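Comments concern the structure below.
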C-alpha cells in the first residue's frame, strides 16, 4: 500500500509518537512494544494549579480511569505541570488520545502521549531545580507554570 493510502487508514492520534523516555530501563524495541500495548498516558502542559479532580473529570469522559499520578517537583513536592493517567483498557486510553489531546484544561492546551507504564519515582520532575526541564529554560513569563524559567536570566 502506498504511503499516502496508509496515511488515510492511520489514526495519527493513536499512533506512537517519536518521543522516547531517555530513562527507560530496556532497549528501544522493548519500549516500543510496551507503548503499543500501553493503557497509560503522559499528560503535559498542565497548570501547576490543576487538580487531580479536574484531570479526572476530563479524562473520565473517555473511559474508566484506574488512577491518576500528578507530577511533583522533587524538591518542593508540589505539582509541576504533568501527570500520568492510567486506564483499565487500551481502548479507553485510545479514546482519550483521540478526543482529549489538544483540548483545554484549566485554560491551557494540554498534550497527551503514550507512556510505557508508570514506575515509582517517575512522578518527580527531572529538572535540576526539581521541576520539569522545559520550565527551567522557558524565557516567557507563565504564571500558571511558576513564572519565569529557573535557569534563564530574568529581565
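Note: Cβ is positioned from N, Cα and C throughout, glycine not excepted.
Here Swiss-Prot flags 19, 42, 111, 112, 113, 114, 115, 122, 123, 124, 125, 126, 132, 133 as mRNA binding site. DSSP assigns residue 115 (mRNA binding site) to a strand. The Cβ neighbour count for residue 115 (mRNA binding site), using a 10 Å radius over every protein chain in view, is 22.
Marked as domain 'RRM' by Swiss-Prot: 39-117. Model confidence over the domain 'RRM' (39-117) stands at 92, taken as the mean pLDDT rounded to a whole number.
Under the heading region 'Disordered', Swiss-Prot lists 122-155.
The annotation compositional bias 'Basic and acidic residues' is assigned in Swiss-Prot to 133-143.
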